[in-house]
Amino acid sequence: MSDHDKSGFERRTVLKGLGAAGVIGGATAGVAARDVTPQDADNPAVDSALADLWADNEMVKVVLRLERLDRAQLQDVGRDEVVSQLQAHAEATQEELHRRAEALDEVRVANTFWLANAIVLKVRTDEIRPDDLASWPSVRWVHRNVDYQLPEPASVTDASTSADDVTYGLDQLNVPEVWDELDVTGAGAEVAVLDTGINADHPDFAAFDSDNWQEFDGDGNPIDSDPFDDNGHGSHVAGTTAGPLEPDGDVPAYGVAPDAELWHGKVLDALGGGTFDQIIAGMEWAVDETTADIIGMSLGGSPSDTVTLEATEHIADAGVILSASNGNNSLSTPGAFYSSFGSQAIDENYDLAEFAVGEWIEPEEFFDDPEEIPDYWADEYVTPTASAAGVDVLSLYPDEYAEISGTSMSQPHKAGAFALMVSASGDLDREWFEETMVDTAWQPEQAPSEDPNAEYGHGVIDALEATQQVALDQSVTGTVTDTDDSPIEGADVTVADPGTSTQTDADGGYDVLAEAGDTTVTAEAFGYEAVSHDVSVPDGGTAEQDFELPAALAAEVVADQPTIIEGGETITTTLHAAHPETVTVSNTGGYGGDLALTVDGEDATLGEPVALDGGIGEVAVSVETDADTSGDVELEHTFDGAGETTSLTTGPTQVVEELIEVAVIDDTEGYGDDWVALLEDELADVYEVEHVDSSEALEDIEAYDAYFVHGLDSDEWYEATAEIGTIYTAQNLGPDTLSPRAELIDDPDSVTTGTNLATWEITEPHEILDDVAEPGDEVEIHTDTWGDGASFGDTDADVYAEAADEANAFAVDEERSDVLLTAIGIGWVGPDELTDDALAIVANAVAYAAAPEDDDWELAPAVVNDEQPGIPSGTGADLVSRLDDQLELDEEIDLLTGAEAVDAAEAGEYTTYVVNSMETDFVEAFDEYTADAETNVVWLDQWGRLEGIAAKADVLGNPETTDDGRGGGPGSNPELEIVADHPIFDGVGDDGDSFQIHDAHHPDRSWFDGYDGDVVGEIHAHQISGGGGVGIDDGKSTVLLSSFATSGDVTGSDYSEDAETVLGNAVKYLVGALDADSDAQSAMLPADD
């Protein structure tokens, strides 16, 4: 071993491989390499690049690096203890800095880290200087918040079909021999990939566990999202690491360790960009919140940068292997660090890739910050560490398959090879595994004579030799069958000590590594009872144990129903079932349209059993909905077989007549994903929100119903969106899309940004302000101390709020359907500082901008009222007045008799009717003409010869019965108890709440029983408890409101505000202005938090 080696091998190099495959870092374009050296806490260093950043920006993000923990304390203490000590050290050393930041308005903490002891600050550059921050306690280094950007791939080509069983990259490493000779495919090993995401919807990643996913925003904060890959690079890397043995497409196997468990941290965005915050946050997550043995990073920073070095060293301290790519055309970090395993790229002939780089590194000379270099590093070492395929590497990218070139493609071959070693060994020993990988690597004939060398490092890795050297010497072997002696393929066989596992082959056979001694072996498979046996494993030998598993009925959901669809679309779900003889599918939701059911592609009938073959496999269930319908579809699947019955439920799926598509445009600010998350939380499910680049949106501008523009880099935009609802905003030290609007379309005439502009005074009412504020109210937009905001001057738009400088703060341009907002933006102001009122305004603005001009919600209902003997005239007119107050429509509400209502319904004159009273002679015909889901009816009732719901019950028998009363005296007025959450109660209460319906002198009330729809509210009054009060039938677009009608003794002035809100909500709900989701609100209102 030369004096360049550490533990038998050299180190390294870094990342960058690929276009979607690698990253080169830089704070801003043109920033030169830093010429400063981090010192100790008594003499902290300041990044020279900060001077330009301070000069060019009003607000910057800067990183304070604090005292490092003595690494001697972290040796051989175990992963959990390493994490615990680092977290405790960071907390102790950062405490005083938190206090200082909190005391200064011009500084705020954006994030903190412990894997690298660092605090990221947002700083107002006109108030504080870098040297000021360097003087804070424990600070040893102040540097820029480094940005990363994936370079263009060395090449990307579509994958062609191939007769090969595996890709050339797997063949070069002898991976098929590891699978076949050692029966090792990665089971039990775990790899965390930090990249652009993973396409978990692709069949090749069907086994990916969504719990193994985490996305991070530009500040390094975790985002709650489902797995996705909006770039493709991450999926390609993950596929090479652990793609399936049998890919879905007509391509060879391309994953090195197909049975390894994948984790994925999305630290790069759709354009391949990321920040120091994101990268470090992802590294912390991989070490602390996953159980990954290997971290794969096909990304990196500039060659000589050390900002990720501290985190890289602590990953090694935790005993985790960091596999990193070496860089395309130039080295990158962390791959070039001594403590990572850097990867070189070769082609199928073992020749170096054209973009390959390598170098003998003298750390003290090579890196910008030699004081960061640990003492144990060699005085000189080589990067790359070793080589693997990186030219025209086939993998998933992003939805199909592609052959891509870059060291980013080489790296996952090594990560997968390490996973095979973990699988064979049953445990991870980082130093031993890295030494073994290096020792078993070999130099191709075209390599330099020197070994190692700066071209191939220690050579091409050999997965078979490396895995054989770390494999356990003992095993348990046998077969797993059912009670008929038929082999069970894919059964899981687990050895308790050391926790190794494998799956049976097509013959039911298995061979799993084990430790010598007594242990327990368990075999289990879907559709069978688990069986365990005690086994004694001889030292260096093999124990034999067969299993016979009794059959059991089982069912599980493979793919659930979608959350929401448009009417006319098909709902699909896939189930995995074992030993079912029949399945019966029923709709337990409230959807009233027709559902065309198919089971495994064959037509079937809801509620009727469908014969199955009794085997084990997937059952595909789909139901086709009717166009222009709405309601919930929740499917119950009841399986019978093996003498048992089991049921499971999928859904529900909300069916709406039309989804509302909303795009967030943020070309420049980097907070598009944050706004997507905020709007998804605020808006009803009927809104689909996504982050889109303006150039993409301009290709089909009408693809979306509304746009929220947070950051814009397009002069074409304003003209292209002249007829589409669009929201613009302006903020100090943040986004400003109003100023370019002013420049390009001359409106507004000016825009001002500054401090103390975060409060609006409402001057006029507008529906965007509904349930938020009224004229005369002040609205606080965010809570930041500086009050960053904006205002604008004269405008053709209608103004509804003023800013603190008495200029305009909020306006609506009806002609263009534009909404102009101020102070609502993320930059210096963080997402968590936006107030609930501000978020409600944005959500309302989106809903307003997305609403079609002739939305059904704007069509007035007709009131139906037949004057009854003994009831004073004017009850119908009173109800019209009540509805006018609640709906605030431009159109007049017509008042019809029962006979007129029948004629109108037959002619389709109205979409909605509110029935206060109707003679029984007209009920049947009226019902016939309004029974379709396109016509909405609200039926009312009250004590005393009012025939609304009562007439419906008498003629149609639904509800079965009604009753009424008025006794009890003062204090006996009826109350409604909410017994199920529903949007009809928005603004009133939740399940379990109650409210008084009216306070009339006579405590009149009515109720019903035996209703086919859903009863969501119950009447409580003198001698009545739990009578039907509010009923909903989504299938027939019907609402029953008992005790809500206008009568001779109970009129609008008697009804409570809550009761009137429910009356108005009933109409809004039926016409689609309230979402069908019980947690959602009006299309014009945000959802409750």
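Quick reminder: no glycine exception, Cβ is built from N, Cα and C everywhere.
Since we're looking at a predicted model, the values are computed, not measured.
Within the set 213-246, 621-654, 723-756, the record from TrEMBL flags 213-246 under the feature region 'Disordered'. The secondary structure of Ser408 (active site, charge relay system), as reduced to three states from DSSP, is helical. Around Asp195 (active site, charge relay system), a 10 Å sphere centred on its CB holds 32 further CB atoms from the protein chains shown. Asp195 (active site, charge relay system) sits 7 Å from His233 (active site, charge relay system), taking the C-alpha atoms as the reference points. The separation of Ser408 (active site, charge relay system) from His233 (active site, charge relay system), Cα to Cα, is 9 Å. Most buried of the active-site residues His233, Ser408, judged by other Cβ atoms within 10 Å, is Ser408. For the region 'Disordered' (478-508), the DSSP-based tally of helix, strand and coil residues reads 0 helix, 13 strand, 18 coil.
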